[in-house]
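Database features (Swiss-Prot):
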- Cys11, Cys14, Cys72, Cys75: Zn(2+) binding site (BINDING)
- 11-75: zinc finger (ZN_FING)
- 24-62: region 'Disordered' (REGION)
Amino acid sequence: MEMPRRFNSYCPNCDEHHQLEAEKVRSGRSSGMKWDARRTKRANASIGNHGRFSKVPVGNKPTNRTDLKYRCSECGNAHLREGWRAGRLVLQE
């Protein structure tokens with residue numbers, strides 16, 4: 001799916017319509033061993049099913065959701081919106 005990089009839309013910070021620039025959100029840094037430490041503690045428990053699922057989830061969705069950040073040209077603040085499913089997203093100039 002092709003989408004324009006710059007378009008006029010509503011900015012919730014300015015409370016007005018301005019030109020917004022869309023950019024793909026990069027993945028953030030992982031926060032150390034927090035999740036893994038909890039998982040290890042659950043797995044080493046002596047009672048129950050050791051933190052395992054009864055049926056392992058398998059398979060991937062055919063498409064991914066878009067993850068875009070919209071930056072206002074007037075105030076410079078960025079905001080997020082709910083994404084949609086698209087096979088491939090290309091931002092046009």
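In case you wondered, yes, glycine gets a Cβ from its N, Cα and C as well.
Recorded features from Swiss-Prot, shown on the structure.
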residue : record              : CB count, 10 Å
Cys11   : Zn(2+) binding site : 21
Cys14   : Zn(2+) binding site : 13
Cys72   : Zn(2+) binding site : 20
Cys75   : Zn(2+) binding site : 12
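For the region 'Disordered' (24-62), same-chain residues at least 6 beyond its ends with a Cβ under 8 Å from one of its own Cβ atoms are 68-69, 80, 85, 87, 89, 91. Other residues of the same chain near the Zn(2+) site, with their Cβ within 8 Å of the Cβ centroid of Cys11, Cys14, Cys72, Cys75, are Pro12, Asn13, Glu16, His18, Ser73, Glu74, Gly76, Asn77.
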